[in-house]
Amino acid sequence: MTFTCKALLCLGMTLGLWITVLTEFLPRPILRVQPDTVVSTQSKVIFFCERSQGAELYCLYKKGNPRNPRCKEIRPKPGKKVEFFISKIEPYHAGHYHCYYQIHGQWSEDSDALELVVTGVYDYNELRLSVLPSPVVTVGRNMTLHCISHSHYDKFILTKEDHKFTSSLDTQCIPPSGQCQALFVMGPMTSNHTGTFRCYGYYKHTPQLWSIPSEPLEIHISGLSKKPSLLTHQGHILDPGVNLTLQCCSDINYDRFALYKVGGVDIMQHTSQQTDTGFSMTNFTLGYVHHSTGGQYRCYGAHNLSSEWSASSDPLDILITGPIQMSTLPPITSMPPDQLESYVNALIGVSVAFLVFLFILIFIILQRRHQRKFRKDGEEAQKEKELQYPTGAVEPISRDRDQQKRSNAAAATQEESVYASVEDMETEDGVELDTWKPPEGDPQGETYAQVKPSRLRRVEAIIPSAMSREQLNTKYEQAEEGQEVDGQATESEEPQDVTYAQLCSRTLRQGTAAPPLSQAGEAPEEPSVYAALATACPGAVPKDKEQ
């Protein structure tokens, strides 16, 4: 019994080692796809799983779903490969694929992953691809491919027609325009960069689902071979409607020539014609010219067996006469949707800015009108206040004559300004009368008088707005007789003295008039002081009182 158990154990170990060795020697299959790993929706795809001779069963599965493989059995003739068809590609077909096979009941390892990308999933916004400085680049220099879209994709990817060149970049969104872009810098340029390029957009969470492609952009590399010549027989300055033909020729036997307009995208290529003199040439007929035909042109030569073009010809400028077009925008009906959207957005932005500016302007005008009206009302109120002062009331008088407002222009021409300021003094017995000449800039030659009594507590000044000379003379005569001024000064019940200043001329004369004696022959406590300017009133102050 013990011997039987040992024999069975040895047999099992031997079979296990043999199976392990057999599995290790089964090579990995190779998985391929046609027409390409990047396909558009609704297209047909064929997967090929290949291995060495003798496989009996092949299986294909998508990563993430290994339990539901698609398997094909090869009988009665085992072969090297098997085909798996997908008649119509849908977005859910995108992903990573593997295949494996079986020989004598043993399974091989999985093939390397094959990524299938489905394009055309997002078609709501078209992408645009452009190149700087031009689609024809001199060998050894750099160029920049610019991919832009209104959709906020996470990444843009740039591909060549054979998908041998693939590069992806994160998008950069421009807030004012709402566009996203990516700049692909390429260089130094070689002949391997010649070809047709496209760009796509996709999101990070679905990297195998791409947008519709941009329009194809052809890139050509110009080399160091001899440049051709570009000529025109119609001249450089043309009228609209003239039929224009450009001729490109060279003494090198180029197989074809290409014509490129600087700043454009399209490149015209024609087969060259050999002349008896050994020149190669071709004609590019541009048809009847219009304003968009004007610009700068260059031509290149190329051989059929080389993807590299010659050096650029000297530039040829074509000018079109006629009136200058004020607007270069195409009609709205002929704009593509993306350009129409940009145009509408720009128009809305300009309109909003204009309305905001108009609102601010109206606000400023209304505010200034309100301030002017408020100032005018204040001036009228001030005039009314000045006119409402009763006789004998104190009216504040400004020293600045230029700022005084008069209610009656006729009276203003008859009166002369009088300025009097009365200040308290520290001493109780002193009386001062200060006079000074008017400023040189005063056109009316006004005279100022400042009277400073010692015990003044309150000042009452009566200054008429317009006073005739007869009235002034009467006032002075009364002042000489001591009937009015002295009576008011002696009979005042309040503890204050009243001082009067009368100015009626440009010459200041100062006098002290003694008040009349009382019945007992006693003088009052303090005399009154008079100051007068009187050229027209010489008798206002008695001569015996002058100093």
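Note: Cβ is positioned from N, Cα and C throughout, glycine not excepted.
For 377-387, the entry in Swiss-Prot reads compositional bias 'Basic and acidic residues'. Summarising the annotation, Swiss-Prot assigns compositional bias 'Acidic residues' to 423-432. Summarising the annotation, Swiss-Prot assigns disulfide bond to Cys49-Cys99, Cys147-Cys199, Cys248-Cys299 and lists a curator's inference as the type of evidence. Per Swiss-Prot, the feature domain 'Ig-like C2-type 1' maps to 34-119. Under the heading domain 'Ig-like C2-type 2', Swiss-Prot lists 132-222, citing sequence analysis as support. Marked as domain 'Ig-like C2-type 3' by Swiss-Prot: 233-321. Look at Swiss-Prot and you will find Asn243, Asn304 tagged as N-linked glycosylation site. The motif 'ITIM motif 1' annotation in Swiss-Prot covers 417-422. Taken from Swiss-Prot, the feature motif 'ITIM motif 3' covers 498-503, and the record attributes it to an author's statement. Annotation comment: Swiss-Prot describes 367-547 as topological domain 'Cytoplasmic'.
Projection of Swiss-Prot feature records onto the structure.
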residue: Cys49; record: disulfide bond; CB count, 10 Å: 25
residue: Cys99; record: disulfide bond; CB count, 10 Å: 29
residue: Cys147; record: disulfide bond; CB count, 10 Å: 26
residue: Cys199; record: disulfide bond; CB count, 10 Å: 27
residue: Asn243; record: N-linked glycosylation site; CB count, 10 Å: 11
residue: Cys248; record: disulfide bond; CB count, 10 Å: 28
residue: Cys299; record: disulfide bond; CB count, 10 Å: 29
residue: Asn304; record: N-linked glycosylation site; CB count, 10 Å: 9
Inter-residue Cα distance where the pair is Cys99 (disulfide bond) and Cys199 (disulfide bond), in Å: 30
The compositional bias 'Basic and acidic residues' (377-387) - residue tally per DSSP class, helix then strand then coil: 11 helix, 0 strand, 0 coil
Cα-to-Cα gap, Cys99 (disulfide bond) vs Asn304 (N-linked glycosylation site), nearest whole Å: 42
When distances run from the Cα of Cys248 (disulfide bond) to each of the recorded positions Cys49, Cys147, Asn304, the nearest one: Asn304
When distances run from the Cα of Cys147 (disulfide bond) to each of the recorded positions Cys49, Asn243, Cys299, Asn304, the nearest one: Cys299
Distance from Asn304 (N-linked glycosylation site) back to Cys49 (disulfide bond), taken between C-alpha atoms, in Å: 37
Three-state composition of the domain 'Ig-like C2-type 2' (132-222), taking helix and strand from DSSP: 3 helix, 54 strand, 34 coil
Arithmetic mean of per-residue pLDDT over the topological domain 'Cytoplasmic' (367-547): 49
